[in-house]
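Report on the following structure.
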């Protein structure tokens, strides 16, 4: 019996040594298989691996964290750039109004210089033209006038302006009435484009060529009124009534402007003479009391 027990103990000792050599615990093996059983530490590592693997899976749909933050930064930079651009436009808008006004004045001066050059060229050209050729040029200019009238009625004012200018380029100086109409029509077009200063100059040219051109005088009177040159406007409206006593527009304007100018003169007089203004107020009070 002792020999059997010694042999049995020897076998158990060898099995234990083999297990220790294989890295196995000497504790009894669990019912669970080696593949499914893990210690608490093993479970924590697996959880971390799963989180890491899930993160890797998400990387395909969304950039890594650092890249995502960079994308947000880029988005913010875009927003900031847009806001800065809008602010710059806003800051420039105030100055652009003044520059646009200056550009309009420059355009007016350029148009006047161009008109002078056109007339000089026409003078030289007409010296070599026969009467028949002059008439042909006039008919061609009238076609441009009709084209301009069509564009004006359709509110294509830029095209109308071009058409009237082309008509003036070729209409001989020996046809002042026709040139007068072209200038007057171009003045109406420039007024629509809010180039009132230059529109008045075109009216001047039209009236110089045809002093009794009622429509051009009336047009200039209206432009004077719109640009607050009331004295000049009154004179033109009065001139219209001389040429056309039945012109109701001119008659009403004369009455209105005459009243306005008298009021303005009275106001200026009171502003320049404060003592007279005080007497005027006192007279009003005395009248109201009585």
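Here the Cβ of each residue, glycine as well, is placed from N, Cα and C on the backbone.
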Checking feature assignment: coiled coil per TrEMBL, candidates 115-147, 148-180. Which range matches?
115-147
May I ask for the residues of the chain that lie six or more residues beyond the repeat 'TPR' (214-247) and have a Cβ under 8 Å from a Cβ within it?
180, 183-184, 187-188, 191, 196-197, 199-200, 203-204, 206-207, 253-254, 257-258, 260-261, 264
